[in-house]
Amino acid sequence: MTPEDQEEAQPLLGPPGGSAPRGRRVFLAAFAAALGPLSFGFALGYSSPAIPSLQRAAPPAPRLDDSAASWFGAIVTLGAAAGGVLGGWLVDCAGRKLSLLLCTVPFVAGFAVITAAQDVWMLLGGRLFTGLACGVASLVAPVYISEIAYPAVRGMLGSCVQLMVVTGILLAYLAGWVLEWRWLAVLGCVPPSLMLLLMCWMPETPRFLLTQHRHQEAVAALQFLWGSEQGWEEPPVGEHQGFHLALLRQPGIYKPFVIGISLMAFQQLSGVNAVMFYAETIFEKAKFKDSSLASVVVGVIQVLFTAVAALIMDRAGRRLLLVLSGVVMVFSTSAFGAYFKLTEGGPSNSSHVAFLTPVYTEPINASVGLAWLAVGSMCLFIAGFAMGWGPIPWLLMSEIFPLHVKGVATGVCVLTNWLMAFLVTKEFSSLMDVLRPYGAFWLTSAFCILGVLFSLFCVPETKGKTLEQITAHFEGR
């Protein structure tokens, strides 16, 4: 290793003598940035209580039919895919802080358009705006938090991104019990407005400031975040490089690219959307009187286990949690497949098994018992997903890319995630028709197995390492 390589492998910003930072304002800055994912989660969860409200709306209020309701839920993913591309450009050109500030505009504008909607097109336009903001926030918030956090707490703070997403979803479910769709949209304007106010007082990330050769501002930001009262040692930063395709020949670029894109694909292929969409039907079969309670139960499980993952992330490590999470998801999706196999009718029944409507041949008590088996499998899946494959792909995405390609690389990862989410959401019903419901869920179990193997053999452990050490690992230094 040459002296130059040794210098580059040092932390970009690190305390002299290796003493641990003790600043507390980094937690405030992380909370301010995580209000973006909270807004993102609320926007995702908004459709669940809003669609029934809009379907029973009386003129002159807009009313959704089944086709429009489907697009009302799905169009967010298309907007988010575009937002991922936009966020990848913004995060490099405008910086991390300004990108977070800018994404509040489509959040508030989108919910404002929904609040004022007079027809279905305004509703869809508002959802598209909020989807665009979701894509930007899902990219920029993890990058901002990973670059302001010191290694000892980066896993915990990075996992709080997903924690705030599921908290936002749960908030939308709970608020949907008491608010109609217009007032629920008004409530959706609150988290991004609060983020706008708080982020105005937060600094830009020191790493981004150094790439812009703003050394004094970087030191000031570090002192604000980490509580430093002395100068910090950092190696000189070279000229900022843009992304170009020739860089993909370098191991330090193509290896994290493959890992980031694969993690996002496996996250969506795990079947999480299918399980979430089936939640209310499963609870109804188990004789829950209020099917909307299913959404709240699912949301509470997500929040609790994502919080547990955040607390243990920096001790257990990313790879171990990915593997354990994947194993739990394998067992639970296999059990889902078994549930559909046991409840499906025999050859005398219609060959077409409608999505979410399995045919029962057992007595009523047996059917209820099997439904409770499905409830257990569903809760186990959600807990397993929340412990690993929910938060960790987003955390690793923010950790593994070098500074000079981070914007483009994370943009590609976010685009992959949202496009896969859209495809899985729209095509899973057709897949269940072709493979039968049990075959579709067993296929997702196979993808979960591949995800476990990929985690074991391809994903590096990043706990306790600086971002520069992670980059050096991929470059073989």
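For all residues, glycine too, the Cβ spot is worked out from N, Cα and C.
Source: prediction; values computed, not measured.
Quick look at what TrEMBL lists:
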- 26-48: transmembrane segment (TRANSMEM)
- 29-463: domain 'Major facilitator superfamily (MFS) profile' (DOMAIN)
- 68-91: transmembrane segment (TRANSMEM)
- 98-118: transmembrane segment (TRANSMEM)
- 124-145: transmembrane segment (TRANSMEM)
- 157-175: transmembrane segment (TRANSMEM)
- 181-202: transmembrane segment (TRANSMEM)
- 257-279: transmembrane segment (TRANSMEM)
- 291-313: transmembrane segment (TRANSMEM)
- 320-340: transmembrane segment (TRANSMEM)
- 370-389: transmembrane segment (TRANSMEM)
- 401-420: transmembrane segment (TRANSMEM)
- 440-459: transmembrane segment (TRANSMEM)
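Counting Cβ pairs under 8 Å to the transmembrane segment (26-48), the stretch among 68-91, 98-118, 157-175, 257-279 with the most such contacts is 157-175. Within the same chain, residues 33, 36, 39, 43, 60, 62, 83, 87, 90-91, 125-133, 136-137, 140-141, 144, 181-182, 185-186, 188-189, 191-193, 195-196, 199-200, 204 sit at least 6 positions outside the transmembrane segment (98-118) and bring their C-beta atoms closer than 8 Å to a C-beta of that stretch.
The list of residues near the transmembrane segment (68-91) in space but at least 6 beyond its ends in sequence, with Cβ under 8 angstroms from a Cβ of it, reads 43-44, 47, 50-51, 54-55, 98-99, 102-103, 106, 120, 123-124, 127-140, 143, 406-415, 417-419, 421-422, 425-426. The recorded stretches the transmembrane segment (320-340) and the transmembrane segment (124-145) do not share 3+ CB pairs below 8 A when only pairs 6 or more apart in sequence are counted, and are therefore not in contact. Distant neighbours of the transmembrane segment (440-459): 258-259, 262-263, 266-267, 269-271, 274, 318-319, 322-323, 326-327, 329-330, 333-334, 336-337, 340, 389, 396, 428, 431-432; these residues of the same chain sit at least 6 beyond its ends, with a Cβ under 8 Å from one of its Cβ atoms. Here the transmembrane segment (181-202) has Cβ contacts under 8 Å with residues 28-29, 31-33, 35-36, 38-39, 42-43, 46, 49-50, 53-54, 57, 97, 100-101, 103-104, 107-108, 111-112, 114-115, 126, 130, 133, 168, 172, 175 of the same chain, all six or more residues outside its ends. Non-local neighbours of the transmembrane segment (157-175) in the same chain are 26-27, 30-31, 34-35, 37-46, 48-49, 141-142, 145-146, 149, 184, 187-188, 191, 292, 295-296, 299-300, 302-303, 306-307, 309-310, 313, 386, 390-392, 394-395, 398-399; each lies 6+ residues outside the stretch with a CB under 8 Å from one of its CB atoms.
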